[in-house]
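Database features, via TrEMBL:
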type: DOMAIN; residues: 19-104; note: domain 'DUF2470'
type: DOMAIN; residues: 175-225; note: domain 'Siderophore-interacting FAD-binding'
type: DOMAIN; residues: 242-355; note: domain 'SIP-like Rossmann fold'
Amino acid sequence: MQTLPPTPISDPNITPFLADIISHINDEHTHDLRTIAEAKLGGLSQQIAVSVEQIYHHGFEMKVCQFATHNAIANTPSQEKPLPVLHRLWVDFDQPIEQLEDLMMAYVKVLERSQRKLGRLPIQTLERKFTFLQGFFVTENMYRMVLTAPNDTVIDQAGYAYLFDIDESLVDNTKDSRPRPHRYYTLRQVTQTTSNAQVWIDVYVHGDNLGSRWATSRKLGDTITTQREFAEHVHHLHDGKALLIADETSLPTVARLLEQWQNPIPPVVMVMTHNATEQAYLSHSTSATPYRLIQINHYDSHDIQGHIQQLLDEQMTFDSVWGGLQAGLVKTLRPWLQQALAMNRQQMVLKVYWR
């Protein structure tokens with residue numbers, strides 16, 4: 001436990017980015033923050049909101065607030081002023097952060113530590129090796145990489161994500177602004193054999209970008225390395241009526257969700273694509289789960305809102321939401337959905353799948 005006053009970060013290479021980083025964590029990682037708080041405090045009410053207040057060299061400060069019980073949209077500070085802070089928590093990093101790149105790993109280590117303490121499947125910071133077997137297009141723009149790995153390597157869960165190393169030789173400095181040598185892609189499916197696991201990773205190929213070049217240039221026998229992996233938040237979908245919202249990048253997650261569906265109530269699936277031909281992707285799924293499909297053939301938050309409002313006008317109610325979309329759409333839809341569906345952040349998971 002931190003006993004001395006925390007050391008403020010004054011490094012000009014870090015300080016200008018802290019406000020945006022804190023805002024991002026508080027907006028996009030609410031379930032992670034709740035996990036970290038629960039590891040320190042035990043179980044938390046659904047009406048609890050957890051947020052990061054400040055980040056320091058040795059750790060960060062969090063606050064836990066409880067919203068008024070009559071507020072149907074808990075965990076949405078903009079909707080109603082919270083009651084006084086219930087807890088202020090200090091969370092230690094394993095090692096002090098000295099540069100901006102250290103912060104991500106420090107946060108991941110804290111989350112991993114908290115998940116293990118609570119007995120949950122943790123985010124894992126370890127290197128895994130896959131071997132490229134073949135690749136082909138499932139639809140016009142969805143490219144399937146078929147990989148092999150040892151049987152004990154892969155966890156077959158919908159939305160399970162790997163951070164893949166990308167060949168730096170593929171980086172085009174004239175096109176790839178702020179290039180990163182890594183990309184996250186989600187697991188589509190795993191088939192176990194007696195000797196290994198066969199893994200599908202479906203990559204939405206669009207334009208001449210780094211991820212597309214990397215995926216389509218793999219050759220038989222290539223070694224593919226991952227550095228990190230984590231499970232998706234989908235347990236809230238197991239009860240009640242669920243709404244799934246996907247675009248091309250999150251369709252693999254939704255396809256696997258439907259194949260592994262454990263809820264007796266069929267979901268509503270809303271699929272938004274730039275190209276109408278990509279709507280065929282779900283037809284390749286082996287899911288026996290019945291579901292209502294709503295297709296939108298362009299990106300528009302107003303269209304999504306309109307379709308959802310139409311469902312509400314039909315007296316349909318929803319108990320949970322999962323979605324993976326572009327950052328701007330998530331930012332627009334999240335508060336609207338919380339208001340329209342009267343949901344708290346534990347019932348609704350909207351993930352930024354791309355920017």
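Including glycine, each Cβ sits where the backbone N, Cα and C put it.
Counting residues per DSSP class in helix, strand and coil order gives 27 helix, 24 strand, 35 coil for the domain 'DUF2470' (19-104). As a summary of secondary structure, the domain 'SIP-like Rossmann fold' (242-355) carries 46 helix, 29 strand, 39 coil according to DSSP.
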